[in-house]
Ligand SMILES: Nc1ncnc2c1ncn2[C@@H]1O[C@H](COP(=O)(O)OP(=O)(O)OP(=O)(O)O)[C@@H](O)[C@H]1O
Ligand SMILES: [Zn+2]
C-alpha cells in the first residue's frame, strides 16, 4: 500500500496536543503563536498549509484532575476544551484542525496503527518497575529525580512507584536505525542543543518502553487485551495523524496520510522532546511509515526561573494580557523578545517597554508623521514618484533590497526574534533618515522632488516592514497596508500578497490612494502597580 503522496506545495505543522488538566496559559499560547506565525509565513510563500493543534485528553493525569472536581473525565474534558479554542480565537490563531484524542474516529486510527506495530513483532508483555511522574505521564530514571523523589519538570510533584504487567514497545530494536536517521537528517531535531541532547540520550542505549497501563480506565483499551489501557502518549502522538483526515473521510491510515504526510514540522516545548524525537520516529519506523521532516523544541517561559506550568500553577493568564493589550502585542512580545529555543522570563515592565518602543514609537509614529507630511507637502495627498526615481544608493533602498531574503531565511529556521529584529532595523533607519533629511526644510526650500523622494522612501520601507511582520502582527500589518492604500487584510487574503512581489522593496506606486493617518498602536501608560 502506497500511503503517502505528498505534494511539494503543501506544508503541515503541529503544536503539541495540550493536556486538558487545566485551562491554557501563556506557555501553551507561546507554542501556538509561533506555529501560527510559521503557518502564515508559509502561506505567503504560496504553500498550502495545514496547522494542527488540539488536546490530549486521556490518561491518569486527566482522570485525576476530573476526579478532584468530582466529574466524569469526558465531562471534564468537554468543559476545558472550549477554553483552548477561545484562547486561539483571541490570539488570532488560524488553525485548520483541532484534534481531540477522545474523538471517536481517532480510535480507528490508533487500532490500525497498533495492528501494524503488533504485526511487526514490536509489542510484547513484560513487568514494568519504576518511578512514574503522573504530570509528565512518563517513567523517570532514579538519577533524574530531585530531592524528595520529585520530578525535575514538576518540582512540586512526587513521582510514584509502579510495579505492574504492561505491554512494551520494542524501542531498543530501533537504536541503530534511529542513529542512522539522525546522521542522515541533521535538521530533523532543532535547535542544535536539543539535537545534541537527543543524540546523547540515544547513545546511552534505548530501553523498551511500556505502552499500556493496568488499573486505569481512562483511555483506549489495548486492541487485543482490553484489560489494559493504552498508554496516553501512544495514542496522543497518533492524533497528529487523525487530524489529517478530512471531515468526511473514513478514518483509515490510507485516507489520513494521503495528502499531508509526512508532517513538515512538529513544534513543541523541550519537555516533550524525547517523545517526538525518539519514541515517535521509532513507532513510525515500526509501522513502516515515513518520518516527519523536523521537530523543533523551544525553551520554557519561566517565572522566577521556574517553568511556568499548569501543574505548578505559576502561570501568566494570556486572556488578561490580550484583553488589555491586544493579540498583536502579545504575539510580538513573545516572538520578538525571546530567542526561540532559549528560555525566557516574562516581565510586564519589559513587555510594556518593548511594545511602546517598537510598535508605538518606531513603527507607529513613523507611519503617522510621514503620512501627515504627505498630506501637508504633496498635492492631492499623493506621491508623484515611484521606485524607478530612487537611486540604488539611497540608504533605505539599499537596506530594503535584500531584507526580504534575510527575513525569509530567519523565518525558515524559526528565528522569529531575528526576523523581527532586522525588520525593526529598517524601521529605525527610516526614522533616522527622515530626521537627517528633514523634508520640512526641503519643502521650505521648494525642493519638491527631494521632499517626495524622502517620503516615498520612508513609506515604502514601512510597507515592506508591515509585510514582513505580518506573520507576527497581522492586524497591525493590515492596518498599515490599508493606510498605504492597499485594500488588503492579512487575516484573509494571503494568496494575493505573494512573497516574490511584496517582499521586494519598491512596490509602492504613484497611483496609491493613501488612507487617513490613524495610530496603529496606542502607547501603553505604565501603571503604578507594574
Ligand atoms: N512554561 C512554558 N514555556 C513554554 N512552553 C510551554 C510552557 N508550558 C507549556 N508549554 C507548551 O505546552 C507543552 C506542554 O503542554 P502541557 O499540556 O503538558 O502543558 P503544561 O502547562 O506544561 O502542563 P503541566 O504543568 O501540567 O505539565 C509544551 O511542550 C510547550 O509546547
Ligand atoms: Zn513531571
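Each Cβ is built from the backbone N, Cα and C atoms, and glycine gets one as well.
The Zn(2+) binding site feature in Swiss-Prot is assigned to 133, 136, 151, 154; the stated evidence is sequence analysis. Positions annotated as ATP binding site by Swiss-Prot: 310. Per Swiss-Prot, the feature motif ''HIGH' region' maps to 18-28. Here Swiss-Prot flags 307-311 as motif ''KMSKS' region'.
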The mean pLDDT across the motif ''KMSKS' region' (307-311) is 83
Intrachain neighbours beyond the motif ''HIGH' region' (18-28), with Cβ under 8 angstroms and 6 or more residues off its ends:
53-57, 61-62, 65, 76-77, 80-81, 83-84, 87, 135, 269, 300-301, 307-311, 315-318, 321, 334, 346
Checking proximity to ligand 2 here: which binding-site residues out of 136, 151, 310 have their Cβ closer than 6 Å to it?
136, 151
Determine which residues of this chain, when 133, 136, 151, 154 are set aside, have a Cβ within 8 Å of the centroid of the Zn(2+) site's Cβ atoms, and list them as they appear in the sequence.
134, 135, 138, 140, 152, 153, 157, 159, 311
Output: those binding-site residues from 133, 136, 151 whose CB lies less than 6 Å from an atom of ligand 1, in sequence order; none if no residue fits.
none
Give me the long-range Cβ neighbours of residue 136 (Zn(2+) binding site): same chain, 6+ apart, Cβ under 8 Å, in sequence order.
151, 153, 154, 271
Rounded to the nearest angstrom, how far is the Cα of the residue listed as 'ATP binding site' from the Cα of residue 133 (Zn(2+) binding site)?
14
